[in-house]
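The structure appears below as structure tokens.
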């Protein structure tokens, strides 16, 4: 598959690298949540204990990477807009940028596994290359590019497992999904996706679910190993590494119990003889419980936060940074907004709505005795159902919770929506136009039109992604709605 589409992969990767590394390092100031993650990386370098509400894999990876290249903590990361004293900050942003650059290629390969044509898959990958939101989130010292990359790599491995039946790909699925939820717990949706599909696949092959002799227990056992035991073991090792590395007293000491702090050097309980230190399993439990507790108690507000149900229409973008050294009254200023490409976001939302409509039509044909769905329609609806499940699973963690949420939490669901849009265009919409209106070569024409619109929109919003200087009137031109201000 890869060899047959080598040119598409090369163009996609080259385009993605150019887009992501253009103006790399701009701005030379602390931006948005870099104020938190920069401190955490410094703590890993210094081995001082901090506590965060997310699992540690991405920050540990960045810390290990920059340490290899001689990074020495020299920024305090106290405030957004703080100047970086030297070029070491480029190392901090390098891994997230590389991770973001790889996402379109991974999604291209996923679409091929789904049976989408190579050209349509290529265009789908380019939609992600030219999405301003995904670009902004992956060219700074932020963690979501790792979550998305690991999550969709697990989806790629899983689809390849389903198509090839090579068992080690199911193990790779579990490991990649573990990496995703070792960045943020919401990455569990990717592991849940594989578990649900495997469960449904098993149940579909037997007629009586209460007759246990009909189960393929060898397959069930291997699935439990690949998607249960191995992920738990990998996650345990990651958390254990976190607690082992951060063994010196730091800002996070007070979050932990005296028994945990007994293991923290120079901490208030380190020399206490009346306190018994926790073993690795007890530390694992306490760290995860504290993460859960902190997330449940996050009640702070933010002027650019937004509820999950507004994300598909991109109601509330996020103001990340403004250049405090410029004179906006004279020449404008440079700003960074987290704002998606409207054509990608709104187009993919229409794809979700149309996909749901197709499913309703299919069920209508299945229910009525005088209606019949073709086998190709059934296959298409089956694939759409699975993709819509992936979309919903990546929204569910944010439904019903009270903690502060932002538009960037939608990125994984967005990519599922883009895949659904491309799948519908490739497998249904073009054929429908040909049958209904006798139009030829519809798929390529639709995809080319979509791609051109996306590129134009990307260029228009690019200054707010790269932090380039614009005049006040030029900024006003890009703030289409009052909720975008």
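A Cβ is built for glycine as well, from the same backbone N, Cα and C atoms used for every other residue.
Record features, source TrEMBL:
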- 11-240: domain 'ArnT-like N-terminal' (DOMAIN)
- 281-484: domain 'Protein O-mannosyl-transferase C-terminal four TM' (DOMAIN)
- 7-25: transmembrane segment (TRANSMEM)
- 102-129: transmembrane segment (TRANSMEM)
- 141-161: transmembrane segment (TRANSMEM)
- 167-200: transmembrane segment (TRANSMEM)
- 220-242: transmembrane segment (TRANSMEM)
- 343-364: transmembrane segment (TRANSMEM)
- 376-401: transmembrane segment (TRANSMEM)
- 407-425: transmembrane segment (TRANSMEM)
- 446-468: transmembrane segment (TRANSMEM)
Pop the mean pLDDT for the domain 'Protein O-mannosyl-transferase C-terminal four TM' (281-484) in here, whole number is fine.
87
If we skip the immediate neighbours and take only residues 6+ beyond the ends of the transmembrane segment (220-242), which ones have a Cβ under 8 Å from one of its Cβ atoms?
55-57, 60, 167, 170-171, 173-175, 177-179, 181-182, 191, 194-195, 198, 202, 280, 283-284, 287-288
When you scan the chain for residues with a C-beta under 8 Å from the transmembrane segment (141-161), skipping those not six or more beyond its ends, what do you find?
31-34, 37-38, 41, 54, 57-59, 61-62, 89, 92-93, 95-97, 99-100, 102-103, 106-107, 109-110, 113-114, 134, 167, 169-170, 172-177, 179-180, 183-184, 186-187, 189-191, 193-194, 197, 390, 408, 411-412, 415
